[in-house]
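Quick notes on the structure that follows.
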Amino acid sequence: MRKRKTLNSKHKTKNEKKKEEEEEEEEEIEKIEKIQKPKFSLAHSLYQKKFILLLFLFRIANSYLCQTFADPDEYWQSLEVAHNVVYGYGHLTWEWITALRGYLHPLIFAGLYYFLNLFGLDENRFIFLQSPGVLQAFFGSLTDFYTYKIAKHWFGYKVANFSLILNLSSWFLWFYSTRTVSNSLETTLVIIGLYYWSNSPHVIFKSRKKISIAIFLFSIAFMIRPTSAIIFGCLGLWSLKKLNNWNHRLKFLFVVVAPIFLSVFILSTAIDTIMFKRPTIVFWNFLKFNLLSGNSEIYGTHPWHWYLSQGIPAILTSFLPLLIFSIWLQFKNSNLGQSFLNKIKSKKNKNNNNNSKNSSINKKNTKNQYQNKDQKKNKNRYNQKIFTSESKSDFYMYQLKKKKQNEMKKNKNRDNNRNGNRNRNRNRNKSNQNDNKYINYNPKVSNYYPKSNQNSSTSQMYLIFFIIIVNVFVYSLLDHKEFRFILPIVPLLLIVCSFSLVNFSEPKSTEEKSELIGHRIFFWSVLILLILIQVFSSAYFGMVHQRGRVTVMNFLSDEANSYQMDNKEMNVMFLTQCHATPWYSHIHKNISMSFPDCSPRLKELNNLGKVPDSQFFEDETLKYVTKKFANIANYPTHIVTFDNFWLKMKDFLESKNYRICNINFNTHFPVDRELQKYVYVLCKNE
């Protein structure tokens, strides 16, 4: 019987051996995590709550200090739709007529508006305007918190601490985290889902709670923005690859993923069907319009390399060198990188050997010429023996052997001393298990992972790179590109950047204290300089750049209140490009407002063959204005325009008794068109 067992154990398949090895690794990891992770304690839970609260307060300050205009979707695809749902008035863009957008995201803010209306808080203008930013600040704080948890769980405390510093100081996350664009909520859902997603194929079926939470969050993100399927697809392919058995793969797809995804899909479709008052599948309309029909060109086209040449460099700015160095470290420590570097070294060694051979031949010729002189000089100290050229080479070999033996003895003594020191410090290390979890630092990237979880950490590293590369590749294939499209991978990029900071944070040799202190001063001074560049960018883009588009609506809101007090009708005409400012969700008054329409030429809109009003206005401003005023019985009480358009129609509007009554600074440099430095409000003289 014993012989049969040994024979069966020898003839095990490769898959069975892999499974056994993976199960043993997971058991070891679980044991270590049980030792390292304390049981539930009130102090630990309070610490986490305080941590989230601090991040939430930071993002509230972020939302208050971010007072500029970023993207029309911040208002027109979320707050404006929610305002229309709750208060019954608000402009719906052409995307909502063709059902390219879903109501799942705007209904979050509709619930907020309903709550404010229920308790009469919407009458306070400050509360009404700041409450959506506070809600989005909560989502942004969750993004920061779970980014930190991902970095800590996968790569250790050092990487987590530096990634938190980079997240909180990033100008791009400051600019977008608290805005009500769907990309911000998508980022939150993706990061939390990524934390709960287990990379181990065996844990998928053991702990269904975490993987179910992850799939639920990814399903919601997909219904809000179908492009989040790129990240979800990357994770799915990664997990399916690790599941060696097809039965497990089918079980994962149809038992774990399908029920949760279908339930969220049915709920989202039911909401859209009720709101649109017709059966609609929004994500299919979105994919059909943008990908299959190729209509994404309507919003503008960019070259294929835009994200690599402009997008990521602008998003990271001063953190870009950290990303480049982290990529180099990972490539250097990978099998491909090591083979590539070994080939280069071998070529160099061949060249050096050829040069040494040529030089040795020349030396032999010279030695034979001066052999008599060498015999006189080369005498042994002890026996005064004279060495010839042949015996001299033997003597050199003898000396080399002695040197090697001495070096071996020294290394053995060092190892013995190290082992002795380790045994002495074992009791000290027991009390600091949690702090020393990720010690064993080495400048190489692979060695600042935890010892126990080193293999899983390297796989998580490859997973992050896989998600980033696939996202950038897929988005580069689309004609229309924007910075905010890759917002969900920005926290992952900052985690990768933190690898460089861990590498630079400690010197390679710490023999002298003066060198260590000098290295740390240099490191932190450089890091503070990089952060200051980010802070300056955050302050400028959050409080200065395109500020006039928002402040002009504050002036119009005050004017609407005064007109309402005097029982007068207010009529505002926007002679600007379409969607240039916030709308009813900012004024919160049911007054008459109009702007040049920019809907694309589509069969669904019955406007084929017509030139868009916005294009006609920008190309021939004066003709558009004269035609517009010829068809109006009652002239508007207020006109909003930019300084570049004002110069083209100044004489005509002054002849109609309009004067500048409010000036708002907008920007210092042009964005997508000629410079629009100021926003003017023209009031009609009675």
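The count begins at 1 with the first shown residue.
Using N, Cα and C of the backbone, Cβ positions are placed for all residues, glycine too.
If you look up TrEMBL, you'll see 1-16 marked as compositional bias 'Basic residues'. Under the heading region 'Disordered', TrEMBL lists 1-28, 345-384, 404-444. The transmembrane segment feature in TrEMBL is assigned to 51-70, 103-121, 155-175, 181-199, 211-240, 252-271, 312-331, 459-478, 485-502, 522-543. According to TrEMBL, the feature compositional bias 'Low complexity' maps to 351-372. The compositional bias 'Basic and acidic residues' annotation in TrEMBL covers 405-417.
The highest tally of CB pairs under 8 A with the transmembrane segment (522-543), across 181-199, 211-240, 252-271, 312-331, 459-478, is held by 312-331. Remark: the transmembrane segment (485-502) contacts the transmembrane segment (181-199), by the rule of 3 or more CB pairs under 8 A. Within its own chain, the transmembrane segment (51-70) is flanked in space by residues 130, 133-134, 136-138, 140-142, 144-145, 168, 174-179, 181, 541-547, 549-551, 581-582, which lie at least six positions past its ends and keep a Cβ under 8 Å from the stretch.
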